[in-house]
Amino acid sequence: MKFTKKRFGWIADQEITEYQLTTTQGAVFKCLNYGAIVSGIEVPDKNGNCENVVLGFDTLEEYIEDSPYFGALVGRVAGRIKNGTWETYKLTQNEGPHHIHGGRANFSQIIWDTEVNEAADFIDIIFTHKSPAGDNGYPGNLTVKVVYRWTEKAVWTMDIRAETDATTLFNPTNHTYFNLSGSAKRTILNHKLQIASAVYAEVGADKCPTGRLIPVDGTPYDFRNSIFISEALAKQPTGYDTPFKLTTGNVLLNEPESGRQVAIRTTREAVVVFSTTGMDEEYIVMGKKMCSHLGIALETQELPDAVHHPHFQSIVLKPGEQYFSQTTYHFSA
Ligand code: G6D
């Protein structure tokens, strides 16, 4: 394994660093201390060509100005909290009346403290952050530790740990958008998706869960058998911005043309699938204007807006508890 780092930019007088972890076979994982952003994953296709399979920008300025959370660690709480309310707390309302992705200057927009741990067959980048009580309205001084491990076998493991000194909420995710074609040369329409999920959480027009968990059977939300995303979208033309409750924690994305796949395994309750349908933005990603279906975000987390739906898994974190979750992404061709 090889570890290098380079300056990616500055925020005031603080240097932003890009870490690059490379296996002996040449598979690369890149991340930034800004937002704990995964800025690149280069893995071989069936012919051995290593190319980038996640959406990202070339410059720090673009991540700061325009990013739809490309590769970022999102929190304290991913997804929407309706009306930004929890008990007596008022959380930042940053999407109309709702709270989304932890509010402003959330985990995806801060500079994390980082350490590197090198071993023979893996390298860890260890990110830590102390979020003060009152951050975006959340109570509790929260200490968060996120470890990205890249192994010789091209497995990215994300471990998240947290502790608080007062009862608070915690439901982070990583917001990487995958495109396995390599350098986003094709869209995700020819990718196949499989999700071990028998029910999805219905969302309203405001994208907040209604509380109804609906069986996927006979609906466009049935990904229990691997299906082409184009086929799924033919039944669901408005796309997916959908929480799926997981049965076994397994999600599989593959692109037959390149032969690449990513097998995701998580301890989390759910995955939110965001298909980027209709995204038509001015910004340039890997040399292309951001367009519909250029990537797919697979956000492992607990079901969103759990604070308003007691039958969803609780995201309350109490003093004395040690939060731990793990998601692994295994790349192969
Ligand atoms: C999340 O669910 C949300 C989307 O609605 C949002 O637009 C995106 O992040 C940027 O996945």
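Backbone N, Cα and C atoms are what each Cβ position is placed from, and that goes for glycine too.
Per TrEMBL, active site, proton donor is recorded for His175. Secondary structure at His175 (active site, proton donor), taken from DSSP and collapsed to helix, strand or coil, is coil.
What TrEMBL lists as beta-D-galactose binding site is His175, Thr176, Tyr177, Asp241. Spatially close to His175 (active site, proton donor) yet at least six residues away along the chain are Pro68, Tyr69, Phe70, Gly71, Ala72, Leu73, Val74, Ala78, His101, Ser108, Ala297, Glu299, judged by Cβ distances under 8 angstroms.
Glu299 (active site, proton acceptor) falls within a strand when secondary structure is assigned with DSSP. If you look up TrEMBL, you'll see Glu299 marked as active site, proton acceptor.
Other residues of the same chain near the beta-D-galactose site, with their Cβ within 8 Å of the Cβ centroid of His175, Thr176, Tyr177, Asp241, are Pro68, Tyr69, Phe70, Phe274, Thr276, Gly295, Ile296, Ala297, Leu298, Glu299. For ligand 1, the neighbouring binding-site residues among Thr176, Tyr177, Asp241 are Asp241, by Cβ distance under 6 Å.
The recorded positions considered are Asp241, Glu299; of these, Asp241 has the fewest other C-beta atoms within 10 angstroms of its C-beta.
Within the same chain, residues at least six positions away from Tyr177 (beta-D-galactose binding site) with a Cβ under 8 Å of its Cβ are Val54, Leu55, Pro68, Phe70, Gly71, Phe274, Thr276, Leu294, Gly295, Ile296, Ala297.
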